[in-house]
């Protein structure tokens, strides 16, 4: 097995320019593909998840011209030209869920599949929502999970569509992005949420990007969403992908644990991503944080004793960035509790179980529940722990931070960061110092 040995490091400082946001990149690619006109996308993330989206769009007949981190997408005016396609989408939820919805109304015969873990990640609530408007979608293996077979359906919207909100916000994102292309009786489509909607900031990203392409969604709280029906997306001409706020979390934490000053560029006060809220969680733990419109800087911890304060917080809004807090909790002066993180269980791996297992390897006492994690840091970190990453990019990036505790750490299968941040370890090593 490939591995990477990091540290021991005693400090981290410098400036890092973030790669483009995964969440924004894949949404913008699909919106541009469905729009009228050409869209020039800049700062597009180059990673496994964006590559599978680009490959799929190419197979569906979308004209794409790539040059570095710029991509010109020629829109299809709401309908893909290819009426049959076999689409392998890796482990990219941001590709599988929205594309499934777009294909369901495209009147073609499609197969959607991915890596084995993708076939364990739920999609049943989205399929149920699409079947309510007449979509023909069959499960090839297990009910509620990919691979999927999508066939032409008689699509009509004559009642509100109901979808669960407590498993993944990507189901709602997929419906919101697709439904404006469908004709409806009274010229509008309504989506109603059953239960609590998780990861609300990601829905905010979807709505704001749809608006850039000329379609406005109105929401009544977080339970009811109304969009115009039978309309076309219009290209904004140019759109820049802001830096990835989830990826920023590792460097911001490094600036706290390694003394800083460490500045990330590409996200800040003006960001549309909820994960910039990670900076607030770090501040609650005692880190010195300052922020501009498109930068955030951390200068160590504001205590003489050099330890973070423990935190007890609901992370429903920022589940991805919360993983970084779980590792930062190793450097706290007491026990931290991460609450409302049930969605971790259906991500790239079961992140609650994986995080608990690997935190114990470095000496922490960990209690895991259905939707929470309690982390008590050790007196001193266990050196030379071999961290398993479960083919999960965020596990690998999170546990790089252990090396800032003055102990070496081994990261198994470091290439899994290719999902969102292929050169992460090079960037991290450039900022960390012995």
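Count begins at 1; order follows the chain as displayed.
Every residue gets a Cβ built from N, Cα and C, even glycine.
According to Swiss-Prot, the protein has these features:
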BINDING   22, 23, 27, 168, 169, 170, 199, 320, 347  3-phosphoshikimate binding site
BINDING   22, 93, 121, 170, 351, 394, 419  phosphoenolpyruvate binding site
ACT_SITE  320  active site, proton acceptor
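Shown on the structure are the features that Swiss-Prot records.
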residue : record                           : Cβ within 10 Å
22      : 3-phosphoshikimate binding site  : 27
93      : phosphoenolpyruvate binding site : 24
121     : phosphoenolpyruvate binding site : 20
170     : phosphoenolpyruvate binding site : 25
199     : 3-phosphoshikimate binding site  : 22
320     : active site, proton acceptor     : 25
347     : 3-phosphoshikimate binding site  : 23
351     : phosphoenolpyruvate binding site : 25
394     : phosphoenolpyruvate binding site : 30
419     : phosphoenolpyruvate binding site : 22
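For the pair residue 93 (phosphoenolpyruvate binding site) and residue 169 (3-phosphoshikimate binding site), the Cα-Cα distance reads 11 Å.
Close to residue 27 (3-phosphoshikimate binding site) in the fold, though at least 6 residues off in sequence, lie 94, 98, 173, 177, 205, 206, 209, each with a CB less than 8 Å from its CB. When the CA atoms are compared, the recorded positions lying within 10 A of residue 170 (phosphoenolpyruvate binding site) are 199, out of the candidates 22, 199, 320, 347. Once the Cα atoms of 22, 93, 121, 170, 351, 394, 419, the listed binders of phosphoenolpyruvate, are compared pairwise, the greatest separation found is 19 Å. For residue 169 (3-phosphoshikimate binding site), other Cβ atoms within 10 Å of its Cβ number 24. Between the CA atoms of residue 121 (phosphoenolpyruvate binding site) and residue 22 (3-phosphoshikimate binding site) there is a gap of 18 Å, rounded to the nearest whole number. The two recorded residues, residue 351 (phosphoenolpyruvate binding site) and residue 199 (3-phosphoshikimate binding site), have Cα atoms 16 Å apart. Taking the C-alpha positions, the distance from residue 199 (3-phosphoshikimate binding site) to residue 394 (phosphoenolpyruvate binding site) comes to 17 Å.
The two recorded residues, residue 22 (3-phosphoshikimate binding site) and residue 419 (phosphoenolpyruvate binding site), have Cα atoms 9 Å apart. DSSP assigns residue 22 (3-phosphoshikimate binding site) to a helical segment in the three-state reduction. Taking 169, 320, 347 as the recorded positions under consideration, the smallest Cα distance to residue 394 (phosphoenolpyruvate binding site) is found for 320.
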